[in-house]
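Taking it in order: structure first as structure tokens, then the write-up.
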Amino acid sequence: MSEELVPHPKESLPGPRASPREVWKKGGRLLSVLLAVNVLLLASTLISGGAFNKVAVYDTDVFALLTTMMLLAVLWIVFYLLRTARCRDAVPYRDAHAGPIWLRGGLVLFGICTLVMDVFKTGYYSSFFECQSAIKILHPIIQAVFVIVQTYFLWVSAKDCIHTHLDLTRCGLMFTLTTNLAIWMAAVVDESVHQAHSYSGSHGNTSHTRLAPDPERAGGTAGGDPCPCSTAICQIFQQGYFYLYPFNIEYSLFASTMLYVMWKNVGRLLASTHGHGHTPSRVSLFRETFFAGPILGLLLFVAGLAVFILYEVQVSGERSHTQQGLVTYYSFNIVCLGLMTLVSLSGSIIYRFDRRAMDHHKNPTRTLDVALLMGAALGQYAISYYSIVAVVVGSPRDLLGALNLSHALLMIAQHTFQNVFIIESLHRGPPGAEPCEMPPKEPCQGITFANLDAIHTLPSCPPTPRLVSPNPESPQEAVAIISAPRCHWRRRCLKDISLFLLLCNVILWIMPAFGARPHFSNTVEVDFYGYSLWAAIVNICLPFGIFYRMHAVSSLLEVYVLS
């Protein structure tokens, strides 16, 4: 595993490619953070202000700002790629833990879906281009270019520890990260006010938000509107890009996490990776498992899809059907969350018997993973506690209220135990770091031989001892450690647990990401807090809960590989 070197102040790292340490690394980081904070505050002010009719900030202003930020980020990325291509000593080290293949694969997947969304938005705004601002058509085109350039950049450079133009690189990475966060905020606000418009329309209320399908934003269907979206193809584009918003949201968050790791790795000094650490295992599903975890996970995944479709159909119908849909939705989630809680707890118990050493080496990627898991879980924690208060204090107390309360309590427990399991898994050493427990009467237990021929002189020793070489480049110093066969059952159990939790997190991501909103269909919280306050709580916290599920999937895949 890669380790950071801490050289003596009077010494320099060996090799012609090692660059001198910075005089004050925190100063460069502080400069880039201040730049990011100011740009992010400006973007958040315009985005939030542009969502309301009473504020004299229009969506064209927001689009102009986002387009400018994306163009600047693209120019910096091109400059970075050209600079690193010309200078061989620009990237002397690469962090093996940064940008794992499943994270980059998810980035590509969400990037492709974002490109489809940009096509839909371009087609939608082009349907009435004669009465629209040119920036509305230009924005999705520039965003598509930004997604393509950034995805290529992160695919090839996510592991870079760059050592040239350190302050400029930090500022560029932070500015690109801020651009992704601004895009994320714009997508969340647009999706939230679209949902608020739908709720207000179904309840006959007037909304004070300037919504995406509203005449003042993008051309709506109201009578007398100079920019009506009256054609069938226009309405298909309009509905299509709203369904693709979850992918755009996840893409921005995935890119932000990878850019943050790159920012942390600027100027980082690493030891040579040759002969150190461990080689990541190949990702092979269902390998060395008991099949119970993947099979049960697939069953819950299929059942969840059926419940989600049934919920969407019933909620859009009569009130009695809505009640049935909510009961079905909550019942499935209670069963799924309960099983996930028990399985996560079982995994933590198994680790009590795991003799692998804890890995305490400095690792920005793992530190960020832990911070994101803990931070993103706060969103779902907040929603659950608000629901608990509304159900316990409010009235009436019926079946739906009991299911809602159970769902909220299990959501808290599941996030807690799953975080404990994932975080402990990420801090474990590689497989084989410690031998399994030995039979108590094994005469050769713990004996270490410097002479390999001595192994065969002991008749009571196992016939096929395991040879452990701490340094494969020096076979003359190899040491044979006599041990019993490895305890495969623990590793198989952990793989089953990780695959089961992975599949469950996927279905629990699909449901809220594609429109399942029991928070509004169930009127307990709406009646208790009022629609405005409850909508603000859900629209702020739920995107973090959705991101938590997707980030948990990537972390559990890493747990599966390392088990």
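Keep in mind that glycine also has a Cβ here, set from the backbone N, Cα and C atoms.
As annotated by TrEMBL, compositional bias 'Basic and acidic residues' applies to 1-11.
Annotation comment: TrEMBL describes 200-209 as compositional bias 'Polar residues'.
Annotated region 'Disordered' per TrEMBL: 1-20 (among others), in sequence order.
Annotation source TrEMBL lists region 'Disordered' at 200-219 (among others).
Long-range contacts of the transmembrane segment (30-50) within the same chain, counting only residues at least 6 positions beyond its ends with a Cβ under 8 Å from a Cβ of the stretch, are 57-59, 61-62, 65-66, 69, 167, 170-171, 173-175, 177-178, 181-182, 185-186, 189, 210, 263. Summarising the annotation, TrEMBL assigns transmembrane segment to 30-50 (among others).
Annotation source TrEMBL lists transmembrane segment at 62-81 (among others).
Sequence-distant contacts of the transmembrane segment (101-117), counting only residues of its own chain at least 6 positions beyond either end whose CB sits under 8 Å from a CB of the stretch, comprise 140, 143-144, 147-148, 151, 154-155, 158, 240-241, 244-245, 247-248, 250-251, 254-255, 257-258, 283, 550, 554, 557-558. If you look up TrEMBL, you'll see 101-117 (among others) marked as transmembrane segment.
Per TrEMBL, the feature transmembrane segment maps to 137-156 (among others). Note on the transmembrane segment (137-156): residues 63, 66-67, 70-71, 73-74, 77-78, 80-81, 99, 104, 107-108, 111, 114-115, 117-119, 121-122, 125-126, 129, 176, 179-180, 183, 251, 255, 258-259 of its chain, located 6 or more positions outside it, place their CB under 8 angstroms from a CB of the stretch.
Per TrEMBL, transmembrane segment is recorded for 242-263 (among others). Tertiary proximity for the transmembrane segment (242-263) is limited to same-chain residues at least six positions away from its ends with a CB under 8 Å from its CB atoms, namely 29, 32, 95, 98-99, 103-104, 106-107, 110-111, 113-114, 116-117, 120, 147, 150-151, 154, 157-158, 160, 170, 173-174, 176-177, 180-181, 183-184, 187-188, 190-191, 194, 212, 364-365, 368, 372, 513-515, 543, 546-547, 550-551.
The transmembrane segment feature in TrEMBL is assigned to 290-311 (among others). Outside the transmembrane segment (290-311) by six or more residues, the chain places 325-326, 328-329, 332, 336, 339, 343, 492-493, 495-504, 506-508, 510-511, 514, 516, 518 with a CB less than 8 A from a CB of the stretch.
For the transmembrane segment (331-351), same-chain residues at least 6 beyond its ends with a Cβ under 8 Å from one of its own Cβ atoms are 293, 296, 300, 303-304, 307, 403, 406-407, 410-411, 413-414, 417-418, 420-421, 424-425, 428, 490, 493-494, 497-498, 500-501, 504, 507-508. The annotation transmembrane segment is assigned in TrEMBL to 331-351 (among others).
For 371-393 (among others), the entry in TrEMBL reads transmembrane segment. Sequence-distant contacts of the transmembrane segment (371-393) (same chain, at least 6 residues past either end, Cβ-Cβ under 8 Å): 257, 401, 404-405, 407-409, 411-412, 415-416, 419, 422-423, 519, 524-525, 528-529, 534, 537-538, 540-545, 547-548, 551-552, 555.
Distant neighbours of the transmembrane segment (497-516): 243, 246, 250, 285-286, 289, 292-294, 296-298, 300-301, 304-305, 308, 311-312, 329, 333, 336, 339-340, 343-344, 346-347, 350, 418, 421, 425, 542, 545-546, 549-550, 552-553, 556-557, 559-560, 563; these residues of the same chain sit at least 6 beyond its ends, with a Cβ under 8 Å from one of its Cβ atoms. The transmembrane segment annotation in TrEMBL covers 497-516 (among others).
Beyond its flanks by at least six residues, the transmembrane segment (528-548) meets 184, 188, 192, 195-196, 199, 246, 249-250, 253, 372-373, 375-380, 382-383, 386, 389-390, 393-394, 415, 509, 512-513, 517, 519-520 of its own chain at Cβ-Cβ distances under 8 Å. Under the heading transmembrane segment, TrEMBL lists 528-548 (among others).
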